[in-house]
Each structure stands twice: as C-alpha cells, then as structure tokens.
Amino acid sequence: MATHDFILPPDFATKAPELSLPDGASEVVLHCCCAPCAGAVLETFYYNKLQPVVYFYNPNIHPQSEYEKRRDELMGLCQQLHFDFVVGNYDVATWLQAVKGHEDEPERSTRCELCFTYRLMQTARFALSQGIGLFTSTLATSRWKSKAQVDAAGMAAMTATGCHYWNYDWRKKGLAERRNHLVKALNFYNQTYCGCVFGRLNADKTRAQHRRASSAS
C-alpha cells in the first residue's frame, strides 16, 4: 500500500467544535469512505484528543484502482494523526448481491440505502469484535448523500447487532465548510462520483447530457 505524506496546514486542529463520545463511551469505530469526507471529522477528533478506530470498509468502490487510491490517501492522513486504521475485506461480489435488483436506480435511491446498510452492518460487527460498543460514519458529510438514509442504515445495523449507532451530524458547526477547505489545503484527490460502478455510470451519463445541452445552446 502506497500511502500519502501530508503537510498539515498551519491552522489544522487549532480550533474545532467541542466533541465528546455519547453515553459515557470510551471508544468509537469511525467508518470512513475517503479522505475528503473524513478530513474535517478526523480533525475534530484530533482537536478533542479523541482516538477513533478508523475503519475503511467500502467494497462498493469501483474499479479496484479507485478503491486503492481512496484507501491509501485516507491511510496516509490517519498515520499523520496517529489514528488506528483498519482495512476491511474488499468483498465486491457480496456487496453486489446486497444491492441486486437496484442497479439502475439513481443516487439517493433504495440502492444507496442498501449499500449504506450493508457497509454499516459490517462496521457494527467489526466494532463488537474489537470490544467497542459504538460506531459512526462519515458517509453523510457529502451534500450528495442523504443523512436520513445513512441514519436509517446505522439504526438498522444497531438493531441487528446491538452496537450503538452515533448519529452525529458531521455537516453542522462549520464542518461542511471546513471539509471543503481541507480538500483544497491538503490537495486531496476529490473524486467525481460516490464510488460504485452504477454511480459512476450515472455520473458519466449526467455529464454527457450537460455537454450536449451546452453544445446545443
């Protein structure tokens, strides 16, 4: 794995929202999908001297080269912050079964909720295997994703496993703006689609439609 070396900006972790784990918890598993979505969240943990176990479980990401690029960049950031980083299995075939029948649906559809549920279910199981009873995710930091869907997936995973889902809103208290700032300040690879092959096809189709509309005007 070829990780990235980052030079943190001078203002990194000089201020951030106050944060503490809920219900007296001492540990949390933080499911992360990529460095752009995780940057401001990880900074907030770092500022508050909290040590999450960062879990990269994203078998939806296609192709494998894209998966490795996102994994390695996030790993580099976690190493810089001295956060534990664990990579889950890249079990694409099992993920495809989880969303089967919904391949042609758009973003924010049932396919996305099934995808979130599948990944957060595994996150909850991983947390319990480590003796940790709390998990959360950066999935809803992007404005392209439905927080309601992510929270529904997290609650489903909590109901099924007994591991508590922390539904903190990682967009509020200036974190959405900070996310965008850190993407530029740290020169993150900022992908143009969520990750899965179906989302990529939809994104390519939308861009092609915009190009045709622009050329026709």
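From the backbone N, Cα and C atoms, a Cβ is placed for every residue, glycine too.
Taken from TrEMBL, the feature [4Fe-4S] cluster binding site covers Cys33, Cys34, Cys112, Cys115. Counting every protein chain shown, 26 other Cβ atoms lie within 10 Å of the Cβ of Cys115 ([4Fe-4S] cluster binding site).
For Cys194-Cys196, the entry in TrEMBL reads disulfide bond. Cys196 (disulfide bond) falls outside any helix or strand according to DSSP and counts as coil.
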**Prompt:** What is the number of other Cβ atoms found within 10 Å of the Cβ of Cys196 (disulfide bond)?
**Reply:** 23
**Of Cys34, Cys112, Cys194 (the recorded positions), the residue whose Cβ has the fewest other Cβ atoms within 10 Å** = Cys194
**Complete:** Long-range Cβ list for Cys33 ([4Fe-4S] cluster binding site), cut-off under 8 Å, min separation 6+ in sequence, same chain only, gives Phe56, Asn58, Arg70, Ser137, Thr138, Leu139, Gly195
